[in-house]
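According to TrEMBL, the feature compositional bias 'Basic and acidic residues' maps to 1-13. The region 'Disordered' annotation in TrEMBL covers 1-76. If you look up TrEMBL, you'll see 14-41, 48-58 marked as compositional bias 'Acidic residues'.
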Amino acid sequence: MLHERKEQKQQEHEQEEEEAQKQEVEDEEEEEEEEEEEEWEDTKTRQEEEEEKEEEEEERKRNKKTTSRTMKTTST
């Protein structure tokens with residue numbers, strides 16, 4: 001009887017440890033996924049910012065050319 005209780009407690013303890021390990025692995029995987037998601041978002045944001053800067057630069061160049069043409073036209 002006493003032996004059976006010890007064995008049962010041992011099994012319960014092992015099961016609890018197993019569940020705790022599973023939970024820890026799940027938590028680590030979830031954290032890893034979140035970090036990957038954040039990295040992807042950061043990369044996406046940087047790419048969008050770079051594209052926006054390029055577009056602004058192209059717009060400035062176009063405006064400069066237009067301004068330059070207008071000045072030439074008005075000066076003649």
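Glycine too: its Cβ is placed from the backbone N, Cα and C atoms.
Counting same-chain residues at least six beyond the ends of the compositional bias 'Acidic residues' (48-58), none has a Cβ under 8 angstroms from any Cβ of the stretch. The DSSP breakdown of the compositional bias 'Acidic residues' (14-41) into helical (H, G, I), extended (E, B) and coil residues amounts to 28 helix, 0 strand, 0 coil.
DSSP places the residues of the compositional bias 'Acidic residues' (48-58) in helix, strand and coil in these numbers: 11 helix, 0 strand, 0 coil. Each residue in the compositional bias 'Basic and acidic residues' (1-13) gets a DSSP state, and the totals come to 12 helix, 0 strand, 1 coil.
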